[in-house]
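Report on the structure given below.
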Amino acid sequence: MGKGGALSDSVIKKIVLSYSYVAIWIFLSFTVIVYNKYILDKKMYNWPFPISLTMIHMSFCSTLAFLLIKVFKFVEPVSMSRETYLRSVVPIGALYSLSLWLSNSAYIYLSVSFIQMLKALMPVAVYSIGVLLKKEGFKSDTMVNMLSISFGVAIAAYGEARFDVWGVILQLGAVAFEATRLVLIQILLTSKGITLNPITSLYYVAPCCLAFLFIPWIYVEFPVLRDTSSFHFDYAIFGTNSFCAFALNLAVFLLVGKTSALTMNVAGVVKDWLLIAFSWSVIKDTVTPINLFGYGIAFLGVAYYNHAKLQALKAKEAQKKIQQADEESGRLLEEREGDGEGKKNESEN
């Protein structure tokens, strides 16, 4: 009884912790998205400088990641040569800088709810780029599912009350660059046995990302900021915004480390629906029935995609266990045959 009770307590504790990690991640992800929208939107804080905002985030994250790894030894650094850094991390940093720049820019032109709907295209982009780079095999049923997601997003776009072509181009570009980055992480890092958690990832990628962003910033935003004499750096706003962005990376570290990447995908779906509801009820963005109908179709496609990935992962794990069992059986059989030969030789002598 005591052991059963203790087991139940440990299981309950594990469930409570898992849900806590999910809740923290949803809250921080939600906060960063809404906070960025508040800063960049011309009708709110009115600071429409997405490159500058991203550079502030990268500077803050680089500094904290350096302190956590080099000073406080919270996380062990990854052993990496200069050649590996230049060939693997630098391209990923370039794509990450473009993804963040374009996605933050989209908040100036589009509603939070519509941006979340467009982000449903991420599996489509990841799969398509994976096929192009020969990381994924082409499957007709998967492609049909990808087309259904695209069809749902197209319906949502058709029903969007504040449709802006330039905003859509920016967000679709951000999705394309982010999807390419995710595929290249598998090709350039994971395949070489290099695994970066969110802290070590920021330690290596954020400074590189900052360097890439500096080039367009000099020509696009710096002249405007230089001529805007009324601007004063708001440490409270940008400090708390940057801290939330860094805390979100820590939350990803906790969520994936203590649960799984699939849990994060499911939590992401919950977060998207909450953001749509918040955008409609608090920010007063217009969400039409056609929006919701289209996103519903896309949502079902994404849910099926995640389910298919989970089933494939389970099948792979089962196959691996069967292979290990066969190898173990073969080894035991060889040992028995060896023992039998040994006893036979002894009896003949």
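Cβ coordinates are placed from backbone N, Cα and C, and glycine is handled just like the others.
Keep in mind that TrEMBL annotations are predicted by a computer and have not been checked by a curator.
Per TrEMBL, these features apply:
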- 21-306: domain 'Sugar phosphate transporter' (DOMAIN)
- 324-349: region 'Disordered' (REGION)
- 16-35: transmembrane segment (TRANSMEM)
- 47-72: transmembrane segment (TRANSMEM)
- 84-102: transmembrane segment (TRANSMEM)
- 108-130: transmembrane segment (TRANSMEM)
- 165-189: transmembrane segment (TRANSMEM)
- 201-220: transmembrane segment (TRANSMEM)
- 235-255: transmembrane segment (TRANSMEM)
- 262-283: transmembrane segment (TRANSMEM)
- 289-306: transmembrane segment (TRANSMEM)
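At the 8 Å Cβ threshold, with sequence separation of at least 6, the transmembrane segment (47-72) comes into contact with the transmembrane segment (235-255) through 3 or more pairs. The transmembrane segment (84-102) is in contact with the transmembrane segment (201-220), judged by 3+ CB-CB distances under 8 Å for residue pairs 6 or more apart in sequence. In the predicted model, the domain 'Sugar phosphate transporter' (21-306) shows an average pLDDT of 88.
Proximity of distant same-chain residues to the transmembrane segment (201-220), defined by a Cβ-Cβ separation under 8 Å and at least 6 residues beyond the stretch ends, is recorded for 51-52, 54-55, 58-59, 61-62, 64-66, 69, 77-78, 80, 85, 89-90, 92-94, 96-98, 100-101, 246, 249. Below 8 A, the CB atoms of the transmembrane segment (289-306) and the transmembrane segment (108-130) form 3+ pairs separated by six or more positions in the chain.
Residues of the same chain lying 6 or more positions beyond the ends of the transmembrane segment (262-283) and with a Cβ under 8 Å from any Cβ of it are 18, 22, 25-26, 29-30, 33-34, 37, 111-113, 116-117, 119-120, 252, 255-256, 292, 295, 299, 302-303, 306, 309-310. Below 8 angstroms of C-beta separation, residues 21-22, 24-25, 28-29, 31-32, 35-36, 39, 45, 53, 56-57, 59-61, 64, 197-199, 201-202, 263-264, 267 of the same chain, each at least six residues beyond the ends of the transmembrane segment (235-255), sit close to that stretch. Through the fold, the transmembrane segment (108-130) approaches residues 33-34, 37, 40-42, 48, 50, 136, 142-143, 146, 149-150, 152-153, 156-157, 160, 162-164, 166-168, 170-172, 175-176, 178-180, 182-183, 272, 275-276, 278-280, 283, 285-287, 291, 294-295, 298-299, 301-302, 305 of its own chain, all at least 6 residues removed from its boundaries and within a Cβ separation under 8 Å.
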